[in-house]
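Take a look at the structure below.
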Amino acid sequence: MDAWPRCLERLEAEFPPEDVHTWLKPLQAEDRGDSIVLYAPNAFIVEQVRERYLPRIRELLAYFAGNGEVALAVGSRPRAPEPLPAPQAVASAPAAAPIVPFAGNLDSHYTFANFVEGRSNQLGLAAAIQAAQKPGDRAHNPLLLYGSTGLGKTHLMFAAGNALRQANPAAKVMYLRSEQFFSAMIRALQDKAMDQFKRQFQQIDALLIDDIQFFAGKDRTQEEFFHTFNALFDGRQQIILTCDRYPREVEGLEPRLKSRLAWGLSVAIDPPDFETRAAIVLAKARERGAEIPDDVAFLIAKKMRSNVRDLEGALNTLVARANFTGRSITVEFAQETLRDLLRAQQQAIGIPNIQKTVADYYGLQMKDLLSKRRTRSLARPRQVAMALAKELTEHSLPEIGDAFAGRDHTTVLHACRQIRTLMEADGKLREDWEKLIRKLSE
């Protein structure tokens, strides 16, 4: 099928080459009409693809093929694929079939119990727990979790949905990616079934929608979601949404929809700090039954700074190679196995990128940021940039000083300590820091 090569090409641009070669290139795609089956040579690859890549594959295939229903199987693609027979009930009474299915759309693996809490996500975790315990409460309805990709927003959303179902097994909890909402609406329009589409959403107890930034520019989709939102909100049904940025920053979203999204609670999920990253690596290793020494977890946490998905990718690559080779996981083995991945991560966030991002954020010229002038409007952003360089790169203090117009390493050390101290009392500076971390991690 044509869509799979295009999907694979996009995945190659988003994930490390070694991961693509190990987990994605072996897959064979079969289009069965109502779904797409991806065949893997063994169950281990199926497990890795399901855990790490399946949500993104579904998004891309929905975009390229108009079909985000994807199944994984062990084996090889049949030479003469036959479409799956339609269930008799659907064939005889198509109008009775739900436009958007309820069953199986929540991943039960994601719970609050296996979510690793840290300073960067503790407010989001607390809000998701409250939404699950008191669904529909105006204090957190809607609950909007926003932040860069791979930080755990979907995990918290799934965990809240699973907790709702555990408390009330009869609860109708619907999880959708934004593209699925769009596709279901288009299908309802084509089938002249908009009344059924609207009625189905009115019958649920909680609606969870991922990546609402993709509603931008789709006027009819926003119109229908606006009315769906109002009906659920008025009925005190819980709404949980995720977005890759604060909704007011999303161009193409209607002002009235942005206003609705601000009614409840909006929480930023930030990149995890070092301690949280290390805890995540160790927790994910335990889930896989893998023995990971602390110093290896610290190595991965120190080098992989951007998001949880990258941490998991590094861990999975490490465990897979250890299984294939029979070697023990040591620091030396980790450095050897993850060499290209770590190099790419290091190159992604360099001092010039940090300087430009900070200068743009504070509305400064680069020459002013690097100048010898010490006015407060320049000194504070300069200190922030130095502290970010120390936090996000492997450069030494003298190297960072050289990059800032030849400043002494003691100046850099003072800047790092000053920013760390000020952030404890200055909420605005803490907010600036977290926003810059998010921008540099995108």
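Just so you know, glycine gets a Cβ as well, placed from its N, Cα and C.
Now, the feature entries from Swiss-Prot:
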type	residues	note
REGION	1-75	region 'Domain I, interacts with DnaA modulators'
REGION	75-104	region 'Domain II'
REGION	105-322	region 'Domain III, AAA+ region'
BINDING	Gly150, Gly152, Lys153, Thr154	ATP binding site
REGION	323-442	region 'Domain IV, binds dsDNA'
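Locations of recorded Swiss-Prot features on the structure.
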residue	record	CB count, 10 Å
Gly150	ATP binding site	17
Gly152	ATP binding site	27
Lys153	ATP binding site	27
Thr154	ATP binding site	20
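DSSP assigns Gly150 (ATP binding site) to coil, not to a helix or a strand. Other residues of the same chain near the ATP site, with their Cβ within 8 Å of the Cβ centroid of Gly150, Gly152, Lys153, Thr154, are Leu145, Gly147, Thr149, Leu151, His155, Leu156, Thr242, Ile269, Asn307, Val308, Arg309. In the predicted model, residues of the region 'Domain IV, binds dsDNA' (323-442) average a pLDDT of 88. In the region 'Domain I, interacts with DnaA modulators' (1-75), helix, strand and coil residues by DSSP number 42 helix, 14 strand, 19 coil.
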